Amino acid sequence: MHSLRQYDVPLHKYIAMMDLQERNERLFYKLLIDNVEELLPVVYTPTVGEACQKYGSIYRRPQGLYISLKEKGKILEVLKNWPEKSIQVIVVTDGERILGLGDLGCQGMGIPVGKLSLYTALGGLRPSACLPVTIDVGTNNEQLLNDEFYIGLKQRRARGQEYTELLDEFMNAVKQNYGEKVLVQFEDFANHNAFELLSRYSSSHLVFNDDIQGTASVVLAGLISALKLVGGSLADHTFLFLGAGEAGTGIAELIALKISKQIKSPVEEARKKIWLVDSKGLIVKSRLGSLQHFKKPWAHEHEPVKELVDAVKAIKPTVLIGSSGVGKTFTKEVVEAMASFNEKPLILALSNPTSQSECTAEEAYKWSKGRAIFASGSPFDPVNYEGKVFVPGQANNAYIFPGFGLGLIISGAIRVHDDMLLAASEALAAQVKQENYDKGLIYPPFSNIRKISAHIAANVAAKVYELGLASHLPRPKNLVKYAESCMYSPVYRSYR
């Protein structure tokens with residue numbers, strides 16, 4: 001740690017950590033687990049974003065498996081080339097929408113690598129059971145196509161049938177090679193493919209999309225725990241989203257599911273409490289003809305509203321959620337409007353990395369005169385406002401997906417069901433203690449993340465057993481203890 005702290009530039013720390021992972025994997029995980037709050041921003045967001053942008057220039061080792069259009073018809077053989085045989089989790093990307101940074105093509109490999117190191121450090125999956133995959137179908141990023149150090153295919157993205165057939169071959173090869181119970185996590189695909197892939201494979205494979213489902217689960221957990229600070233039940237609140245892509249619609253759908261279970265009414269009824277704003281303004285009925293299919297359920301009766309600040313004033317939400325990927329969009333007027341009709345406005349600026357955050361923690365507290373309850377996607381330092389210290393929460397998917405994946409694996413789940421996402425949210429919200437609330441936090445500290453992951457895993461596994469989707473039988477008596485006993489720990493065994 002002393003050596004690492006000598007670096008001032010986060011990217012240099014990242015390179016040093018990647019070198020360490022290559023050289024001494026056990027020590028890498030020991031460092032990451034013992035210093036999780038300090039090193040998480042280095043191996044994951046925000047630093048991983050810069051690493052992906054410069055991946056060609058800092059490239060040392062493959063780290064994961066690259067499958068390109070050239071391997072079409074031979075994907076099963078390519079999978080068999082990976083030295084480890086018993087894989088439990090695959091994180092796969094095609095690099096088309098990396099964080100809020102757009103199309104980084106093959107250089108998106110940094111994301112599956114980073115995600116899987118968190119599966120091990122935070123969720124306790126064995127490093128050898130994790131497989132990072134990047135599917136290279138080209139890139140539409142002109143800068144990369146002209147970059148001498150770009151490591152992928154120098155061609156524009158394949159679309160349509162060619163793309164569909166490649167992914168279909170990949171998904172079938174994965175099942176053939178690793179069996180029914182391997183978890184495939186889709187990561188940073190563009191909207192049009194993300195929804196399509198999830199709906200196409202969720203009935204035949206164990207699949208999970210972290211951008212749609214993981215984000216939704218972690219945000220719902222924050223909202224459930226925030227109710228202790230703002231009062232009322234979820235159904236009493238009105239939600240306004242800026243951003244109607246994967247994250248926005250995914251979160252909205254899970255909130256609606258939770259409300260519909262609480263008030264015992266159809267999801268369609270619960271959706272009426274939730275409004276979405278996209279790049280063209282408020283999503284309303286009069287726009288139905290031109291909306292993408294995943295936005296249609298959110299078109300409600302209202303006159304068209306172009307600007308976010310006017311939508312806030314018209315809808316009067318109690319909760320404002322940003323998932324637009326566009327920075328500086330929660331302006332002073334927006335936050336002041338939220339504070340004008342809410343005693344404690346709940347503001348979540350979820351876009352990553354930090355440069356794309358809708359507003360900073362300091363802005364949220366200052367503009368709301370210290371009344372806002374704030375959480376963000378990337379980390380912000382504590383804020384001192386008029387003598388009081390506010391600690392912003394981080395709605396980081398790393399709270400959910402490692403424990404969620406562990407829960408699926410220890411129960412031998414064969415499919416993912418939305419109720420399992422609700423179970424994960426409830427387990428995370430239950431881990432927030434009174435001393436966290438006193439600081440205005442709606443998430444527990446990352447320092448005991450492995451304990452939190454074990455509780456999430458147990459709750460998810462319990463739901464898997466309840467739904468009859470578990471293949472690991474009989475059901476262990478104490479699921480928390482069982483989850484803890486399954487977790488990889490980076491210690492050296494003592495031999496005599």
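Placed from the backbone N, Cα and C atoms, the Cβ positions cover glycine too.
Owing to the predicted nature of the structure, the values given are computational and were not obtained by experimental measurement.
Annotation comment: TrEMBL describes 21-202 as domain 'Malic enzyme N-terminal'. Mean pLDDT, taken over the domain 'Malic enzyme N-terminal' (21-202), works out to 96 on the 0 to 100 scale.
Summarising the annotation, TrEMBL assigns active site, proton donor to Y44. Within the same chain, residues at least six positions away from Y44 (active site, proton donor) with a Cβ under 8 Å of its Cβ are G114, K115, L118, A398.
As annotated by TrEMBL, (S)-malate binding site applies to R97, N352, N396. Take the CB of R97 ((S)-malate binding site) and look out to 10 A: across all protein chains shown you find 24 other CB atoms.
According to TrEMBL, the active site, proton acceptor annotation covers K115.
When other Cβ atoms within 10 Å of the Cβ of E187 (divalent metal cation binding site) are tallied across all protein chains shown, the result is 29. What TrEMBL lists as divalent metal cation binding site is E187, D188, D211.
Marked as domain 'Malic enzyme NAD-binding' by TrEMBL: 212-465.
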Of the binding-site residues E187, D188, D211, the one whose Cα sits nearest to the Cα of N396 ((S)-malate binding site) is D211
Around the Cβ of K115 (active site, proton acceptor), other Cβ atoms within 10 Å, all chains included, total 27
Within 10 A of the CB of N396 ((S)-malate binding site), the number of other CB atoms across every chain shown is 26
For D188 (divalent metal cation binding site), the number of neighbouring Cβ atoms whose distance to its own Cβ is within 10 Å equals 25
Residues sitting within 8 A of the centre of the E187, D188, D211 CB atoms (divalent metal cation site), not counting those, run T93, R97, I98, I111, F186, F189, A194, N209, D210, E246
Cβ-Cβ distance under 8 Å, sequence separation of 6 or more, same chain as N352 ((S)-malate binding site); the residues meeting this, in order, are T45, P46, G49, L99, G100, G377, S378
